Amino acid sequence: MKRNKHRASKDDGKAQDEPAILETEDMRMPDPDTISLASVTAVTTNVSNKRSKPDIKIEPSAGRPMDFQVSVTVIEARQLVGLNMDPVVCVEIGDDKKYTSMKESTNCPYYNEYFVFDFSVPPDVMFDKILKISVIHSKNLLRSGTLVGSFKLDVGTVYSQPEHQFFHKWATLCDPEDITAGCKGYVKCDVSVVAKGDTIKTPHKANETEEDDIEGNLLLPEDVPAERQWAKFYLKIYRAEGLPKMNTSIMANVKKAFIGENKDLVDPYVQVQFAGQKGKTSIQKSSYEPIWNEHIVFTEQFPPLCRRMKVQIRDSDKVNDVAIGTHFIDLRKIANDGDKGFLPTLGPAWVNMYGSTRSYTLMDEYQDLNEGLGEGVSFRARLLVSLAVEILDTSSPDVMSSTEVQVEGIPNISDNATGKIEEFFLFGCFLEATMIDRKIGDKPINFEVTIGNYGSEVDTPTKPRSKKKKGDGDDEESELIHGSSDEEMDTGGDMTSVSTTPPMKPVITERNYFHLPYFERKPCICIKSWWQDQRRRLYNSNIMDNIADKLEDGLNDVQEIIKTEKAYPERRLRGVLEELSQGCSTFVTLVNNDQNQTGKTKLDRERLKSCMHELENMGQQAKSMRSQVKKSNVRDKIKLAHHFLQKLRFLSDEPQHSIPDIYIWMISNNKRIAYARVPSKDILHSPLEEEKGKDCGKVQTIFFKLPGKKSFGPAGWTVQAKTELYLWLGLNRQRKDYLNGLPNGFEENKAVKGVQSSPPISLQYTMKQIFQLRVHMYQARSLFAADSTGLSDPFARVFFSTHSQVTEILNETLCPTWDQLMVFDNVELYGEAGELRDDPPIIVIEIYDQDTVGKADFMGRTFAKPLTKMSDEHYGPPRFPPQLEYYQIYRGNCTAGEMLAAFELLQIGPGGKADLPPIDGPTDIDRGPILPVPIGIRPVLSRYRIEVLFWGLRDLKRVNLAQVDRPRVDIECAGKGVQSALIQNYKKNPNFSTLVKWFEVDLPENELLHPPLNIRVVDCRAFGRYTLVGSHAVTSLRKFIYRPTEKSVNNWSAMDEVVIHTEPEAAVKKIETVVKLDSASDAVVKVDMEEEKGGKGKKKRKKGEEPDEEELDESMLDWWSKYFASIETLKDIIKAQEAEAEEKDDFESGEGRKKRGKGRNKPAPGETGPEKKRQKIEELKVYNRELEIEYNNFEDWLHTFNLFRGKCSDDANVEQNAADEDRLIGKFKGSLCIYKVPLSDEVSREMSFDSNMGMFQNIPHNDPINVMVRVYVLRATDLHPADINGKADPYVAIKLGKSEIKDKESYISKQLNPVFGKSFDIEATLPMDSTLTVSIYDWDLVGTDDLIGETKIDLENRYYSKHRATCGLTSSYAIHGYNVWRDPLKPTQILAKFCKDSKMDQPQYGPGGRVKVANRVYTGPTEIEDENGLKKQTDEHLALAVLNRWDDMPRIGCKLVPEHVETRPLLNPDKPGIEQGRIEMWVDMFPKDMPAPGPALDISPRKPKKFELRVIVWNTDEVVLEDDDIFTGEKSSDIFVRGWLKGQQEDKQDTDVHYHSLTGEGNFNWRFIYPFDYLQAEEKIVISKKESMFSWDETEYKIPARLNLQVWDADHFSADDFLGAIELDLNRFPRGAKTAKQCSIDMVINEQDMPMVNIFKQKRIKGWWPFVARDENDELEITGKVEAELHLMTSDEAEKSPVGEGRNEPEPLEKPNRPDTTFLWFLSPLKAIRYLICKQYKWLVIKIVLALLLLAMLGLFLYSMPGYMVKKLLGA
């Protein structure tokens, strides 16, 4: 109905009519009464409350497949438990698994590998998928490896995070086989989930210098504690009932036919899925009422990161098991994590399951519904379950350590545990059934109503066994109600159940729809049923829903007030909040009164407590918010109120069901056609008004829909039937007033005369009123494009009661102005006149597209309520004549435009039609029988002139396979229009020769009612034929309306001077200082750097800090230094903003929850320390999105209108269709200017006013221009993998017009984050080559290269923009070095040109560094150094300072584009709407008629610097002793040290072995030498190696600079034993201890308290470091100490002073002084061997000797056997 009805949240951002103008105070406010609040109020305010409001969306959104992309980056792992392992990380989603490469012998591997998973499934299925990250130890082709630990969460948890992602977070690993073990390590990863159309903001990827605080950045949602405990989830399953009579195997039917065996044909069992595990109960053979009494136990960490538990009843079958019904338990709804919270608990309670229709068919077409996909169309069964959670104490000895699912039996449950069984009564009355789809045919139609299985024709359920309550079930084993007829009297004799209306033949309404002739006689139904009395749950839920409904309506009102710019939205908001706080306090009092305890579960009690607590809080917050509402902050407060609304809706959803929902089926000729589902709580009666269901005892409009998948897409959008239905559900004993809500004026027809209490089978209406309905259809806009031309031929069809009429058809438009009055005469409505006045039935308006052949296509639908006038009322203000209002049109769940109309319903009194108000239309329009909208209602028009700037057409694609050659643009608005000049040859010059044309038109005074303006492009072919190319509708003209500026600003030249000081460094300020000056003030503004502070700060260095880096050497700096410095700044700014936002959130939410994570409160790194260093490097601006977004698409005067052609896609919104690439056929560039016609003459008085150009003065000419375009491509991030190995070999391709550059040779092997660092020059001619396409392709050895993604840049708008986007301005001026000025024009020339263009005096440069521009004086430095260090005088600094502050200039100022890098998303046409990576780049443009620009900047990637690290291992001490000594039996170790820098295969080096150390002391004097290539800016080592023997080329890896040292025990006959290790991050490692004594395990555990060193600054360091390993309890323990010396040299230094490895020349180290015993082995070998054999291998030797003896005997036996046998035989 109204735009804001169900889309409130979405509309905030997308309302199209809200450009910046809304914020300006001086807007000429339209008279507040001229725009009435559209039908938000019309349909929602029910005065007499006899009708409830209809829901406009019809199509079910659940169950439709959508595209999702899950991307996971595994960065590194730390603290993995295990000795010397070779870890691999496996990422698994559902059944897809992907593995990283294997890293050898490390507990902290670094991967940085990116994986992408693509899915196309319904959202519910997607969000229930489990994402599992596990680390596997030593996996290879033959072994599957052993699991170290795993972490799992569901995809929904990730999607519900801000930005749908976790960025750089640590996942905690646990071993599912051993839950007592604790944490097994951490994996650092990024996880993001993108649905089609989501945009992801990736935080800027730069060097991760900040120290990783693992505990503060765990991969967990905000409110989950860091330490998660293990818990057992006990799901008890007692029994089920009401299963459908079904069997899927054909054999059973055959068996039944032959043997006549009539047992229950279903073998049910229950299957539960939770957190990636499954459990099943036993199978109950042949039972419709199975009793299981079993519980399924899951062991999972608590709180679990998987939100839903799936419980499914399945039918066991030999061939395949079939789901009977599915229920999801949402753990968030049955637990509360607050301070007063409770663990998940549920029941024992019945859960209802819905699914496909119950009538048994062999192939069930709706089987998906039973699996829980989509909305069930019928009741299937109910299941009695309960859930409890027990937190495990993992330290106790009797805990089961595995997480296997267990199933065990449990005792039976008492009968009344779920509440007392009561008799319920459901009454319904069909007042009207219209809009029945003609396709159904004209066979008789009836309606069937069921609640659970009661009322169903297929399964007639049984009544509970007795009224004395000895029955334990709901409808078990009792006699059937006699026969199966619904109509017989039951034993109580007080009523009959009638669940179907009598069949009736439909009557034609018009060519698409029938209606049923329920005129005076309205059929009724009534059903008795028996359920546990759990009404309290539903009542609580209803109270909260009522509060929420009021809040939602109120908020929609406020938004409507803001949108239509009425006065005082804040007053309405205060009222809404007042109402909310009252509602909350009523809830608390009502709920407190209820003390009935039977059948209450733990969850009922806990939920009650928590709801009361929440609502009390909410009431107080609403109160305090109410006092804070001001005009300025209305929008923020609306956002906060929306949080309340979401919370209320969440709380009101009751997890424990009681009475199942009511289903109404429309049956034609015994076939089920369409259904409607009514939640039982909505029609539940309560004596208390607040607790009543919102539709109880009211007439509701219900639209029937098709079941299951049939309702997807266009088929589901047509209404199957519209009924006006009255429903009442309550206890049988409370039913005295069940008819009260019906429209008055009827008599009851009973089935049996005389029985007073029995309900009527139909109602006879005696009172009826006659009305005339007038529908004023004015216009519609933004309709759905239904034809292939991209337009439609719309007409509207209006339905009211059983009447229907259509408007005329308007051809080829999406914005029809029908301007038509439709009169419906003699509309008969039944009921009392007064009630009808306040609550008339609704009107349905459907919009169709007329096709020449075939049926008209449905384009959308909306509802409205007419304004009603009784015959005795006066027709006049305030209510009449009605106002035109906008109604939101929906197509399925998507918005499809808006309609402007008004509706009035006038009673025809005794005097007949003569008494009705006359229809006085405008006389000048003669449209035959069609009446125009009358004068009081149609908008007041005035004369406007619309000027159109025709610039050119761009990117036109082929139309019907022919190229567009001679296009023309037609502009049309409100019936008038203008045509552009014809472009003679589109290929040669796509611009128009005549720039400005205008036309005059009558438009409404009220800007909100302005009709859209249509832009159409036609191609003129030979023989006078025209083809429509594409069209665009400008729905809102507001931004093009010309508003004259105030006079005070116009005479600004007469004002006083303003002096502004600019210092050279001012531009480096963290956040730019923007000086806003009042136009008439005289001020001196100092924009000064805090240099003094910086200066003093340098001298006082903190104790313990490293000496500051030596002064930055200009020659060392390159462009990348500037880039990385800028990224640091960007990160700091983002952090500061986040911190600010967080504080604000905390403050506003009033709760001020403590955020988890210690890392939050530390100042961002670099805020305190490096501040001083930073100011020396010039910076540029890094935009983490496209440049044009920052500058409003550069549409400051030249706008781009996208032209569309082709049908819209069915499942998208209007907004999404606008972004649909396939329909885009080209672009029209130009602009509009609209103003009322007698324009004040000031404008034309201005000098040099060119009357031909109208309002478009000072715009450049559109002749072709030659430009040199220089594209700089820095790097790409997160590319979508293109090869099977999960990587890509990317290279850059650039296309502009006909020129194309493919940089195929320099592809980068196997990289998803390649650094290109290249610039490309292309020559182009605007306007022919205005779109630059930068793409990234994947290089393939064989076959064609695949496109990974591309981005398109409109160069023309950049070129002509007054923001000057051709070449960004640097922050300071330099003529050499890394910050060299790269524009051919010097700043002084640019400034002079700007002054000339804006008709100002030339800048005057004065002595002492002053420049005067207009009335502003800028001061600044005037000296510059050239390459040789000579100083020269120059004005360039001054000019540049003025340009960098150009946005302060009054009237003409605007922000000029600074030197920048933009980050653009890469898209792939095959995967629309899903980002395939990002590219960082920028574009410079230089016109050819200017001096040529200098050479391109050198941005080639930094070459890594060659270093050599020399590590001397002097000694070890206290190494653990591993072996028992051969001679004495004492402990000893044969120690050696192993070390590596890049990776174990690449450069591992071992010392010699120190044998037989008895004290753990070892002497080595051994030197390791590690040459390596290092990137200082990124702090990474670069290695190039082939991935495998099959690789074509080397792949470059970047790994952190970490030195690994390990200590081992050498063994001769078995594998060496690993004893301990230490890993030193060369950029930051603890300083070595002076002596072995001082060296402790603290150096590893408490790193943060230790003094840290950086080898790249320190160059040389010597000391003792500890070796550590994990003991049996996974605790770190010290296993040795090493004395080492680290010496870092550049490769040049290393060449000058070479050294040898080990103890070799040159510069040999002396031999270590080792004790003799070590060499005993060689001195007395016999002794040693004796000991070795005796001690260690004694038993082995004995075994070998015995085996040899046996073999010898066997051999001898075989040898002598034949001879012996011969002797025996011959008897010798």
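Here the Cβ of each residue, glycine as well, is placed from N, Cα and C on the backbone.
Because TrEMBL annotations are produced automatically, they should be read as predictions rather than curated entries.
Residues or ranges marked as compositional bias 'Acidic residues' in TrEMBL: 1139-1149.
According to TrEMBL, the feature domain 'C2' maps to 50-171 (among others). With helix defined as DSSP H, G or I and strand as E or B, the domain 'C2' (50-171) counts 14 helix, 61 strand, 47 coil.
Look at TrEMBL and you will find 214-345 (among others) tagged as domain 'C2'.
Residue counts for the domain 'C2' (755-880) under DSSP (helix as H, G, I; strand as E, B; rest coil) come to 6 helix, 63 strand, 57 coil. Sequence annotations record features per position, and here TrEMBL assigns domain 'C2' to 755-880 (among others).
Taken from TrEMBL, the feature domain 'C2' covers 927-1053 (among others).
Secondary structure of the domain 'C2' (1250-1368) per DSSP (helix as H, G, I; strand as E, B; remaining residues coil): 9 helix, 53 strand, 57 coil. Summarising the annotation, TrEMBL assigns domain 'C2' to 1250-1368 (among others).
Annotation comment: TrEMBL describes 1489-1640 (among others) as domain 'C2'.
Among the features that TrEMBL reports, region 'Disordered' is placed at 1-31 (among others).
Look at TrEMBL and you will find 453-504 (among others) tagged as region 'Disordered'.
Residues or ranges marked as region 'Disordered' in TrEMBL: 1088-1111 (among others).
The feature region 'Disordered' is assigned by TrEMBL to 1139-1175 (among others).
Feature annotation from TrEMBL assigns region 'Disordered' to 1693-1712 (among others). For the region 'Disordered' (1693-1712), DSSP puts the residue distribution at 4 helix, 1 strand, 15 coil.
Look at TrEMBL and you will find 1739-1759 tagged as transmembrane segment.
Of the two recorded stretches, the domain 'C2' (755-880) does not lie close to the domain 'C2' (214-345), with fewer than three CB pairs under 8 Å once pairs fewer than 6 apart in sequence are set aside.
Contact counts against the domain 'C2' (50-171), taken as Cβ pairs under 8 Å, peak for 1489-1640 among the stretches 927-1053, 1250-1368, 1489-1640.
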